Each structure stands twice: as structure tokens, then as C-alpha cells.
Amino acid sequence: MRSMLAVVLLCGAVALAEHHGDPLSDKDHFQGDKHDTKFDHDAFLGKDQAAEFDELTPEKSKEKLGKLVPKMDSNGDGFIEENELKDHINFMQKRYVNNDVERTWKNYKAEKIVDGKIGWTDYREMVYGSPDGVGQALSPEYAKMIARDERRWAAADYDSDSKMDRTEYGCFMHPEDCDHMRDVVVSETVDDIDKNKDGFVDLEEYIGDMYRPTDYPELNGKEPDWVASEREMFKEHRDKNSDGKLDKDEMRDWIMPVGFDHADAEAKHLVASADDDKDGKLSAEEIIAHYDTFVGSQATDYGEQLQKHDPSDL
């Protein structure tokens, strides 16, 4: 019985990890002067089409990318402008979210979906093995995961009937895509980074979220230059009231800034990175020449979109 419970909880943990998506945020795009190219690949291709691209040779990458370029060229002028790139990024992100929500929604037993909705107790039973937790001996980690899910469920339950329709469930799985879930994203991020559990993110917690000395063994404990830049960023820009820590409002301004268009910013960044002739738009040749910016290389795992599908079908 105990081993069966462990299997059920393990499956629940996998399901939980799958629906805890991260917002497309500049939080992960730049760390000081260090640019995370995985962010570009993620935005350009969509998160769900990633894992197999590192198996492709550069030649195969360029070939598949070349087939994708005409699909982005909505006006047919032979160039990719910022607005076309932005539309493509938005399409890929929406496609990723829709596919992810549909895939997991289908995993739930048909008899548990009543009038197009699933209830919290049924969800909890299917994911965590019990509708109410009675008789369950849960580790602190699992108890925390369930409590987080319950809080997120309450926020996504727009009509407060303790049930989720397909739309509400989408907000539960991907709160970063729903305006009324912004506070949930911020609270969960603070909870993840706030190691001393004082409700704030101090400088060392902020740095610790993005930098581990073990990732840079060649520096023998010396911090990379970009870490110093991030410390300066924290002090000069993130910590607006200069109290040495970030509260939830300051965290929101960092990870979920109101009015900031991530797709537009990413499109501008990609054009600036690949526009060799500085004409404000990208030719197919420029995109392919900078293929590693758009779809990665042996060093990244963001590119499964082109591995699994013929881009001409996108």
C-alpha cells in the first residue's frame, strides 16, 4: 500500500511540475551582461518543442529553419519585420499553452468531468491520490505542493464554484497568461526564491536564484562579471525603496511588469541581433546565418519544434 501511494504521489509530482509554467519574462533573459540564448529559443520555438534539437547538426538546423522563414513572412515581401516576428512569437506561445492545457485536460478521467468542469477534490484525488488527504502521510514537500495548488486553484476559479472549466483550468496551469493571476505568479516566485521565509527577497537570495559557483568551476570560486552587474541592478533598479530587499510589489515590477510586451521586446532583440545590414528587417539569409540565435545549436535544448515537425506544416 505504501509503495502504491508513493507511485501515485510521484505521478502527481510530475503532473504538478508540468503545469507550473514560467512566464516569458526578462527575469530569465539577461543576467547582468550575460545573455541567456535559451530564452530566445524558447520564445521563438515554444517550450513544448525543445528537447530533441540538440541532436540536429548545424546543417539540418539551417535547412529546417529555412522552411520556417516563409511562414513568418505574412506580407510576402521576402523579409521578416519586427511585427511579423512578434506575431510568430505570440503564435508559438499560445500554441504551446493551448497544447499543454489540452494534453493534460485529456488525462483526466471522463467521469470526473461533469458539465465540462472538474472539481478540486477530483483533481486532488487524481493528482495526489486522495480527495481530502485523510489518512495520507505526506512529506513536507508534498504538503507544500498541495497547498500551493489549492491557492492557485482558488485564484483561477473565476466564478468561485470550486470547479474548473477548460478556460479556468488554462489559467490554473499557466497563470502567467491570465491578468487576474499575476499576484499568484509573484507570490509563488517569492516563495521559491525566499529561502529564509521572511516574505522578501534579499540580495543574496536574488543572486542565488540565478548563480551557483558550481556552474563555474573554472573560476575557482570567483564570481563572473555578470554577477556583479546583477548586484548593481538589484541595488539601483530592483530595490526601489532601498531597504535591501524586494517586496511583492518590487518583485511584480521585475517579473510581471504591467504594460510590458514581452513578445514585442523579444522581436526587437532578435532583429537587433541578426540584422547585419541594419535595414530594420531580416532576410532569410540573415536569419539562417544567425540560426543559433533562433533555434539553438549543440549547446542548447530549445528546438524540438523543427525536429519533430516539418516547418512547412506550421
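We number each residue from 1, going along the chain as drawn.
Glycine residues also receive a Cβ, built from the backbone N, Cα and C atoms like all the rest.
Listed in TrEMBL:
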DOMAIN    60-95  domain 'EF-hand'
DOMAIN    181-216  domain 'EF-hand'
DOMAIN    239-261  domain 'EF-hand'
DOMAIN    262-297  domain 'EF-hand'
SIGNAL    1-17  signal peptide
* Other than its close neighbours in sequence, what residues sit by the domain 'EF-hand' (239-261), given a CB gap under 8 Å and a spacing of at least six beyond its ends? -> 23, 25-27, 86, 176, 182-183, 185-187, 189-190, 198-203, 206
* Counting each residue once, how many in the domain 'EF-hand' (262-297) are helix, strand and coil under DSSP? -> 23 helix, 2 strand, 11 coil
* **Mean per-residue pLDDT computed across the domain 'EF-hand' (239-261)** => 93
